[in-house]
Amino acid sequence: MFSKGMEIAGFDDELWAAIQEEERRQEDHIELIASENYASPRVLQAQGTVLTNKYAEGYPGKRYYGGCEYVDIVETLAIERAKRLFGADYANVQPHSGSQANAAVYMALLKPGDTVLGMSLAHGGHLTHGAKVNFSGKIYNAVQYGLNPETGEIDYDQVDELAREHRPKMIVAGFSAYSQVVDWQRFRAIADSVGAWLMVDMAHVAGLIAAGLYPSPVQIADVTTTTTHKTLRGPRGGLILAKANPEVEKQLNSLVFPGIQGGPLMHVIAAKAVALKEALQPDFRHYQSAVMENADAMAKTFIERGYRIVSGGTRNHLFLVDLIQKGLTGKLAEEVLGRAHITVNKNAVPNDPQSPFVTSGIRVGTPAVTTRGFGVEECRLLAGWMCDIMDCPGDETVIGQVREEVTHLCRRFPVYAN
């Protein structure tokens, strides 16, 4: 038998040290990667429960194993909360990730070789939207749309032209690095004009949508997918939503299980249920509003300091800083900011002359710093410090000064207060 007093510390000190160091890094560094956030202690608690022991292949009420009466309650809570939060008629909470949720949709609605029209990775799309290195670009005939070079916004005329030329079976809307509001209805009209399915990947803005601060695609698209972390602030995982269509719902369920997954991760589904309940609370809207205000304040500070923001600003939680005119690579910017304990990710920008491993931009997002309690004042300061470093990336004195400021700010705003 096991004692409940068993701990990793003292048994696997090497592993425990790495975990402790990562916890310190999260407390002592400022996190600006747009896809990262901090899960609440309640979400972390759910992931550490005995639910991890239970196999539950199938769906609530239709399992292939016995002893599922309690995990059925857990999964049903998650499903009903997801439907309520997003105004969906259908929800599948079993996908282990956003990419697996997307894969299930592809396999449910398409056949290998079918044409898919999605956003180019270089213009802000995601790997699963048709990138050649991904299953979506290998198994399917992927055609890519991008941004209007003059406005920096999605080129809907190009989407329309490509749809009429290639007659895709499915159009994918959504992004991983786009700072404006997507016109879901325009995508719907284009999809209808060529008889295509419309899938929306709202992973990055799910929290904003849940709070009613960003247009919802859920009753516009045929199927909507998301992750449950990022702005939703839950565990790492995926979620599929849809408007009422019994045939599509049946296909989606069978493609998640047994199509691409076996047993669901019940401890993660429990954590999803917790996060969804947190997102249903009134203060969640205040949090998401602050996320957007902070992103806007940072973007405007960069612009004031002479940096170019792709699409001219932000109307969500993130933005891309184009460093081409500064003669700076995204890789170097990520490195020097990291030395000051500011974490960002290098990111390709439209017409990027650098490779994806180097890039000419950085992506900046405010979900994590807002969870810590940063407001507009702190975010303006932070953006200014970042500009100080990128203005003279080889100046260790500046990096050291900013690192001190970061240390003081992190101590004022701990992630997990004692």
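Using N, Cα and C of the backbone, Cβ positions are placed for all residues, glycine too.
What Swiss-Prot says about this one:
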BINDING   LEU121, GLY125, HIS126, LEU127, SER355, PRO356, PHE357  (6S)-5,6,7,8-tetrahydrofolate binding site
MOD_RES   LYS230  N6-(pyridoxal phosphate)lysine
SITE      HIS229  site 'Plays an important role in substrate specificity'
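Shown on the structure are the features that Swiss-Prot records.
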residue : record                                                  : CB count, 10 Å
LEU121  : (6S)-5,6,7,8-tetrahydrofolate binding site              : 23
GLY125  : (6S)-5,6,7,8-tetrahydrofolate binding site              : 24
HIS126  : (6S)-5,6,7,8-tetrahydrofolate binding site              : 23
LEU127  : (6S)-5,6,7,8-tetrahydrofolate binding site              : 16
HIS229  : site 'Plays an important role in substrate specificity' : 27
LYS230  : N6-(pyridoxal phosphate)lysine                          : 27
SER355  : (6S)-5,6,7,8-tetrahydrofolate binding site              : 10
PRO356  : (6S)-5,6,7,8-tetrahydrofolate binding site              : 14
PHE357  : (6S)-5,6,7,8-tetrahydrofolate binding site              : 9
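For the pair LEU127 ((6S)-5,6,7,8-tetrahydrofolate binding site) and LYS230 (N6-(pyridoxal phosphate)lysine), the C-alpha distance works out to 17 angstrom. Cα of PRO356 ((6S)-5,6,7,8-tetrahydrofolate binding site) to Cα of LYS230 (N6-(pyridoxal phosphate)lysine): a distance of 22 Å. DSSP assigns GLY125 ((6S)-5,6,7,8-tetrahydrofolate binding site) to coil in the three-state reduction, placing it in neither a helix nor a strand.
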